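Only one structure is covered here, and it is reproduced in the block below.
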């Protein structure tokens with residue numbers, strides 16, 4: 001039995017065929033060929049590096065004059081291994097995964113499928129290549145022969161012997177990371193495994209990428225170019241994979257299902273991230289603060305807290321942001337867009353968080369509870385301010401008189417005493433006020449609105465303080481000090497001006 005070579009599992013294209021592939025299919029081809037070579041290398045079958053791999057590593061076209069002539073002269077001489085062929089003829093599950101993991105459901109229409117296979121099937125030499133894959137992969141499961149210099153194991157003694165000859169002929173280089181001996185031709189590849197070499201760098205922000213295709217996609221963040229357009233809704237995307245995911249919004253397709261909770265996802269990466277919720281795995285760790293994250297994108301965002309990087313810039317005002325979501329929200333200030341609408345009252349909001357807070361007005365939901373006194377609040381900020389009543393903390397201090405306050409809003413109001421600022425102006429008569437509630441009460445003089453009604457006699461008033469004064473005519477209550485002043489029934493202000 002002859003040894004399996006890279007040519008047995010390679011896909012070769014003529015220039016005409018290569019031009020028929022789009023950029024995504026060309027990237028897929030590069031990734032699959034490099035991975036196939038990597039698998040042969042790990043099995044000890046890649047004795048020499050093929051020209052095709054050299055071309056792909058240098059990001060050149062995967063053909064030259066010699067290959068072009070060979071393909072033209074022998075059209076059946078190059079095997080066209082595709083996911084469809086591998087599945088149809090059941091070559092081997094392990095080998096199929098190498099292709100399927102990269103190609104997924106991609107439909108490479110330009111590859112010659114069944115016709116080529118039928119034509120190649122008549123050739124005994126090519127059939128032996130398929131059989132060679134079977135025999136090689138079956139044999140490597142046991143891996144009975146291991147070479148102590150480099151640690152590689154082999155299922156076939158003939159391959160093991162051939163591998164030993166290579167080390168006897170060539171000078172070996174020892175990897176400092178794992179201690180393996182490598183030939184010079186493979187030493188760079190071995191180093192990249194440990195260092196995760198990122199050779200493509202963005203000139204705008206300095207970000208490094210492993211692949212040139214990743215750098216091309218990243219550059220679109222800066223240029224704003226979105227060449228991939230959805231035919232359904234017209235939305236555009238920077239990369240083809242994002243468009244593929246988006247299309248599933250229209251089709252409702254969720255092909256990736258969690259075996260634990262049966263939740264389905266539109267893309268495989270989302271399922272992988274979701275599984276970590278069940279396993280508790282957090283493989284991405286910050287070197288600065290050692291905080292761990294479930295997905296790489298979360299770690300990337302987190303790192304900006306330490307570096308201060310703000311890669312997302314507003315074209316209108318030049319303000320920069322750490323995250324693209326923050327930029328998207330900021331842009332609504334310029335556009336006036338308010339996409340979040342309350343179903344109860346129809347009021348629109350710029351941010352989803354504001355809508356969630358607003359909904360509590362209709363629901364009377366008070367999710368934040370004080371552990372000291374049991375009082376509940378609609379908003380967390382109100383609970384935080386309330387807790388300071390128990391702790392006595394007053395972190396907001398006036399620089400003019402030294403008076404301190406429990407919340408920042410009270411300090412802002414207090415500062416107006418020193419500044420004599422009256423920021424609230426009546427549009428009807430031009431009168432100004434220090435406090436917004438005073439302006440609200442004043443406006444009712446012009447509108448005639450009297451929302452505060454006495455339950456005893458039915459008389460109505462423009463402000464809550466007037467109602468409180470009136471109620472005393474029924475009760476006969478005459479407070480003589482500020483301590484005896486009752487709190488307003490219809491508002492949140494404390495009555496301070498009654499003597």
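Every residue gets a Cβ built from N, Cα and C, even glycine.
Annotated features in Swiss-Prot:
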| type | residues | note |
| --- | --- | --- |
| DOMAIN | 4-75 | domain 'KRAB' |
| ZN_FING | 143-167 | zinc finger |
| ZN_FING | 200-222 | zinc finger |
| ZN_FING | 228-250 | zinc finger |
| ZN_FING | 256-278 | zinc finger |
| ZN_FING | 284-306 | zinc finger |
| ZN_FING | 312-334 | zinc finger |
| ZN_FING | 340-362 | zinc finger |
| ZN_FING | 368-390 | zinc finger |
| ZN_FING | 396-418 | zinc finger |
| ZN_FING | 424-446 | zinc finger |
| ZN_FING | 452-474 | zinc finger |
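Touching of the zinc finger (284-306) and the zinc finger (340-362) is ruled out by the presence of fewer than three CB pairs under 8 A, sequence neighbours closer than 6 excluded. Remote same-chain partners of the zinc finger (256-278), defined as residues 6 or more beyond its termini with a Cβ less than 8 Å from a stretch Cβ, comprise 104, 241, 244-245, 248-249, 294-295.
According to DSSP, the zinc finger (312-334) comprises 11 helix, 4 strand, 8 coil. Per-residue pLDDT, averaged across the zinc finger (312-334), gives 88.
Looking at 368-390, 396-418, 424-446, the range that has the most CB pairs within less than 8 A of the zinc finger (340-362) turns out to be 368-390.
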